Amino acid sequence: MAEFPASLLILNGKSTDNLPLREAIMLLREEGMTIHVRVTWEKGDAARFVEEARKLGVATVIAGGGDGTINEVCTALIQCEGDDIPALGILPLGTANDFATSVGIPEALDKALKLAIAGNAIAIDMAQVNKQTCFINMATGGFGTRITTETPEKLKAALGGVSYIIHGLMRMDTLQPDRCEIRGENFHWQGDALVIGIGNGRQAGGGQQLCPNALINDGLLQLRIFTGDEILPALVSTLKSDEDNPNIIEGASSWFDIQAPHEITFNLDGEPLSGQNFHIEILPAALRCRLPPDCPLLR
């Protein structure tokens with residue numbers, strides 16, 4: 001078997017009792033691969049483990065968890081300075097795994113782990129909000145954000161991505177559009193938005209394709225706005241067809257500015273960020289990620 005450089009797996013604490021994962025790691029270790037494992041307990045652990053990975057000289061830091069875990073590891077990696085910054089590997093263990101699914105990471109743990117260690121490392125973009133918070137997948141605002149933020153953890157654990165839809169239907173009568181103004185390169189829109197998706201990746205909320213044209217290495221963010229005065233009629237309309245749909249506004253830009261007369265909340269890879277003013281910009285080729293050769297999000 002070919003020799004591979006060492007890797008460090010940063011595992012979300014919720015996945016420590018995953019027996020198939022433990023078996024997959026032990027099997028690869030028996031085949032000669034060096035895999036260090038660290039478990040997160042609280043916010044900030046991922047950044048500390050990335051620093052440890054640099055000292056160990058590993059070639060890959062593997063994010064084992066959902067979109068939030070991937071986000072924490074990515075954010076720590078892009079803050080590293082100097083040469084020999086480890087590549088990102090992805091092991092999908094979360095509720096929705098939107099980013100991992102959209103880039104084609106295998107669901108089988110052993111295959112995903114092998115890809116994370118031995119896959120080709122490709123430079124991909126990230127995005128940054130207000131010069132501080134980053135996301136690798138998507139920023140969502142409006143109806144979708146409130147649903148994903150408020151869906152109970154027990155419901156998510158039991159039903160996965162379907163839980164967001166069920167909780168959304170339960171809350172349909174209490175949700176209202178967000179009034180805002182959005183500017184970008186050759187783009188300007190203002191009005192009432194039911195859902196706002198600004199994507200480096202394509203899907204969020206457990207498999208919803210909010211930005212179906214997004215690519216992760218094109219230096220652009222894809223914007224999709226779902227409009228309408230009432231939630232249910234507009235939602236039904238958007239589900240029918242994307243072609244010539246008056247309730248869908250689209251744009252592409254390396255940056256977007258969003259202003260609102262009231263506080264709105266964006267969900268950045270699962271983490272909420274509230275405010276009235278947002279500047280979202282792309283960070284081209286911000287890190288290297290081990291991806292399958294047929295990844296659909298590469299140009």
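In case you wondered, yes, glycine gets a Cβ from its N, Cα and C as well.
Per Swiss-Prot, the features are:
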- Glu271: active site, proton acceptor (ACT_SITE)
- Thr40, Gly66, Asp67, Gly68, Thr69, Ile70, Asn71, Glu72, Thr95: ATP binding site (BINDING)
- Leu215, Asp218, Leu220: Mg(2+) binding site (BINDING)
- 2-133: domain 'DAGKc' (DOMAIN)
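Across the structure, Glu271 (active site, proton acceptor) and Thr69 (ATP binding site) place their CA atoms 10 angstrom apart. Of the listed binding-site residues, namely Asp67, Asp218, the sparsest CB environment within 10 A is found at Asp218. Over the domain 'DAGKc' (2-133) the predicted model carries a mean pLDDT of 95. A 10 Å cutoff on Cβ-Cβ distances gives the residue listed as 'active site, proton acceptor' a total of 15 other Cβ atoms nearby, all chains included. In the structure shown, the C-beta of Thr69 has more C-beta neighbours within 10 angstroms than that of any other entry among the binding-site residues Thr40, Thr69. According to DSSP, Asp67 (ATP binding site) sits within a helical segment. Cα to Cα, Asp67 (ATP binding site) and Asp218 (Mg(2+) binding site) are separated by 21 Å. Each residue contributes its Cα atom, and for Thr40 (ATP binding site) and Leu215 (Mg(2+) binding site) these two points are 30 Å apart. The residue listed as 'active site, proton acceptor' carries a strand DSSP state (E or B).
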